[in-house]
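Trainee: The repeat 'TPR' feature in TrEMBL is assigned to 543-576, 587-620, 671-704, 713-746, 755-788, 797-830, 839-872, 881-914, 923-956.
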């Protein structure tokens, strides 16, 4: 509710309703991408606590329960977009963060069980009798159960799992807060609630029934259900790894690929790089060591590994691969799980297999008919089959060495007869081969196979086929027709684009850079760490790797770890005098250090390092203009956060001009710059210019990005915030939800950016007066922030402030005060006194004093808020209009009608210049002006302004509408126009009735 209301039934006096314009909610802006640089030592803010004694005085005064029960609500609650975070952009060669790599040692299945329980005090050995019993039973399903008693560590780990299917057990104490964050994770198959009281969790779990497979208070029931659900995965753990490329997509950048296309190119590029690496005894020893580690407890398999170590030669690579032993299992599993660590360790056998097939290939195609048919039977997950159905005509890559037979009967035996349903389908591939087309090698291997199987045709890893048709036979088996594809023109063009986008020719760094640009940070980190272990790595190359790994941690929000790695890079570069040999790399390191401090909110240090990067770039004759534009962009983004909008616009305009001049028109950095410039115009209240820049960003991105690309999340967020400020709440929510959908696919589940989006969605619901839903989103945001951010991070102040506002509007004043107090405490620790964020806190303090009728203190705090806004904001910013409205409200209450009208008129002047003519905030101020004229007994002007308010409010908020109808009825009562009194009083009752029905 946004107006102070007294009972309409009191007919003895006129009820005046005025709107206090904003108890301020804070919406946070999100970054898109960033550039490269970072900072050093922490900032210590010199604050004098004595200056804030009066701020805390209110908290203690309002603790009086009698006062809490008599507090009136403020008239209107709106969300301020003080938006402190802007988008910044980054280039590569440093950036992005990543969680710890996930090893696959010991997990011999295609699924994993995660267990989050506060009682799991020891995640390695479960000493408690009950928990040990659970683990013994579950070890029969999976070799490596991951147990956690820490929410943050569990969510971090969960974010690293991209391939394996997940069965998630969670204790009742964690369930209600964690399940909303994880249930959309694509790899989570089922969730199990393990608790003491089932009834307690029945209601909230219904919202997530699609994945929650039961609530259990008995361990045997839980394990029984888990055994049933995971059994099908255990029996089908040798499914082939495939990926799809849709030829209708025309993306031209590494960033542009969707998940399936990325996987497709992942293997094509990987194979090309692996085949270029020199063979060595070291590579063979790495594979043998890993194999022994995987089978350390299997004496029979260890004997085979020793035999391999002693007798292996490249000429018998096919015999070893076709033997049912460690080599086949580990290699295929590593491809299926895309485990770059294991694949890299097996590089020598991959090369030998490819070379052996290459030797057999010419003779095989010359001795067979032009057209040849081969078959393969196997099980396939339903979602994978559906993916094939949706891409008929597209390309499919088999991402391992692919065995087939010339006998369709043999293939049918391997397919089964639908026994894996409903999760797994039986499929038979029929493959048509045109032996005249040049493809990756394949051959009949019956003479070289360990089993000497007749008519076994082995295809090389990464062989490409085209999907011709898919049909179901006899209701049990799916028949998939494939055609062996030559190196398609479109694919060759795309590969060339990748090479230009990354490097001209593949080398050791290329694959890691590709993974990084694709946003596959887990595999990128694994790969870079593999390279780091190479003995031939020189110090300056190590500095590059430290920068790359630091960028991965930076991207995931682990800023301290990123900073540590960037410092390692900087030390090496300075020690070996890179300023004289490769200053571009030094500039990138400065830029990345600056970016870490930028993310940590230490803006002065961020600017220091960004300027070091810029200074280094200016000394170079061969520096890329796009690199310089990146630094200008980063400096501009910091200045946005500092409220230095004119300087920010100057630097971002420099960045944009350089990018438009030197980059292709569809380059993603141009869209990022448009987003950032739009953010400046938004902050200064120039919404038309803001929308124009956001639209340019969106138009740019629509030309080359797939629908779920992470860069689009920023643009959707910006457009959502703008529409929220303009009062277009439905459009705002649609755009925010689009951003959330993308972030949940691309970010860790506890990433701060998700918290920001939840905060912003909560703010929109607060504007819509749906405070229960708003609080749900604020709580989601708070859960993430408490897990992932420092206790004095500014984002916590924002969320506490927003929660306080929601409770305030619900008349839950004690909860409101508790949250305002928390917000103030965080802000005092995080900000300087004149920081823009304090304006919202002072505003809310003023409204609390206003409700207590302490107009002297209320006016004091609103003037403090206005003073800070005038420092940071242009004279026509809509947030200034809010302060003038609130100050006018206080003067009105004090009976100073001249000053009230003066401030209301300033408010209207600002809002008419910056908001749409039908924005509800303009209607609010018109209503307030009308009530001043009412008190002055100038009923003509009162009617004029109230009807202006009515014209705006009519299609909008029912609570505002009801108040205006009531006020109009009172004016007509004064004029003794009883027909109009009856008409508007009837409308008032109807509006109140609609409002009551909506709330129930």
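The backbone N, Cα and C atoms fix where each Cβ goes, glycine too.
Keep in mind that what you see is a predicted model, and the values were worked out from it rather than measured.
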Trainee: Per the definition of 3+ C-beta pairs under 8 A with sequence separation of 6 or more, do the repeat 'TPR' (587-620) and the repeat 'TPR' (671-704) touch?
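Mentor: No, the repeat 'TPR' (587-620) and the repeat 'TPR' (671-704) are not in contact.
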Trainee: Could you tell me the mean pLDDT over the repeat 'TPR' (755-788), as a whole number?
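Mentor: Summarising the repeat 'TPR' (755-788) by its mean pLDDT gives 92.
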Trainee: Give me the DSSP three-state residue breakdown of the repeat 'TPR' (671-704), ordered helix, strand, coil.
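Mentor: Breakdown, helix to coil: 31 helix, 0 strand, 3 coil.
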Trainee: Counting by DSSP, what is the helix, strand and coil composition of the repeat 'TPR' (881-914)?
Mentor: 31 helix, 0 strand, 3 coil
Trainee: For the repeat 'TPR' (881-914) and the repeat 'TPR' (713-746), does the number of C-beta pairs under 8 Å, pairs 6 or more apart in sequence, reach 3 or more?
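Mentor: Contact between the repeat 'TPR' (881-914) and the repeat 'TPR' (713-746): absent.
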Trainee: Sort the residues of the repeat 'TPR' (923-956) into helix, strand and coil with DSSP and give the three counts.
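Mentor: Helix (H, G, I), strand (E, B), coil: 28 helix, 0 strand, 6 coil.
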